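Pulled from TrEMBL:
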| type | residues | note |
| --- | --- | --- |
| DOMAIN | A:11-158 | domain 'VOC' |
| BINDING | A:GLU79, A:HIS108, A:GLU154 | Zn(2+) binding site |
| ACT_SITE | A:GLU154 | active site, proton donor/acceptor |
Number of protein chains: 2
Amino acid sequence: MPRTAETASFQFNHTMIRVRDPEVSLKFYTEIIGMDLLSKKDMGDFTLYFLAFDHGQNYKAMSEEEREKARFAREGVLELTHNHGTEKDESFAGYASGNSDPGRGFGHIAITVNDVEEACARFEQLGVQFKKRPQDGKMRHIAFILDPDGYWIEVLSNRLEL
Amino acid sequence: MPRTAETASFQFNHTMIRVRDPEVSLKFYTEIIGMDLLSKKDMGDFTLYFLAFDHGQNYKAMSEEEREKARFAREGVLELTHNHGTEKDESFAGYASGNSDPGRGFGHIAITVNDVEEACARFEQLGVQFKKRPQDGKMRHIAFILDPDGYWIEVLSNRLEL
């Protein structure tokens with residue numbers, strides 16, 4: 001039951017972060033995290049990439065137009081914004097992850113998985129940087145990995161664990 | 001079809017932002033945006049609030065424990081972190097939205113709706129601050145509102161519109 005009639009159609013469609021190098025970030029979010037690229041939009045001096053997990057939607061079988069339409073009709077989409085040139089600008093300081101000053105505000109995105117240990121062992125093998133491994137600190141059931149721009153990605157079980 | 005077998009169980013579970021005053025933010029995200037509060041977790045000197053849209057889950061009929069379990073099993077959850085004291089700290093400078101320097105990186109979350117004009121007319125009536133009204137600029141089919149901490153929320157149609 002939706003909270004209010006006026007908001008019954010509302011969905012938390014996507015979260016947008018800026019990335020320095022789309023080649024590096026797309027490889028990370030598809031091959032390591034496992035999302036599919038649904039749409040690429042060239043906007044002049046910047047390009048937008050929309051990704052999401054395929055849970056039966058079968059994006060690979062869709063036409064480009066169908067995928068573009070599909071990205072509006074679901075939750076859990078990640079939008080990557082690439083401002084052209086950052087990837088080869090050696091003076092570019094990089095983007096703020098949101099978790100240190102100045103710029104604290106945004107925290108992280110989170111990926112739920114069946115098995116946190118197994119997922120993290122694979123991330124380790126793939127050379128992913130960790131902010132917190134499952135065995136670090138008190139919270140053994142969660143981990144934080146870093147994406148190529150240093151944004152935090154929480155890795156947690158898809159079942160409540162105490 | 002999932003991108004890789006190892007990531008078949010992965011979901012983009014949640015996005016976390018810090019908020020200054022949970023009373024103000026919870027009112028905004030439930031009454032204005034239309035999300036339900038699924039879970040509140042007291043963590044000592046900070047508290048976490050997990051919200052999501054109810055699209056048939058019927059959270060209101062669930063026990064507290066069932067709602068807590070349910071928040072791990074879906075996408076599109078918003079996590080609000082409240083570091084105790086910010087709401088009454090007059091020297092607190094506020095959180096970075098991610099969209100200006102220093103601290104640029106995070107961009108926005110996005111809500112899809114059936115009717116952008118209608119949704120924005122209601123936001124206007126409710127006194128919501130706009131970053132961009134539908135009629136501002138070239139992109140007439142989208143708007144950006146601001147949440148109580150100044151984070152950008154894109155409002156767009158749930159159908160592809162050209």
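Positions of Cβ are set from backbone N, Cα and C atoms, glycine also.
Please treat TrEMBL annotations as automatic predictions, because they have not gone through curation.
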A:GLU154 (Zn(2+) binding site), number of other Cβ atoms within 10 Å: 20
DSSP-assigned states of the domain 'VOC' (A:11-158) in counts, ordered helix, strand, coil: 34 helix, 51 strand, 63 coil
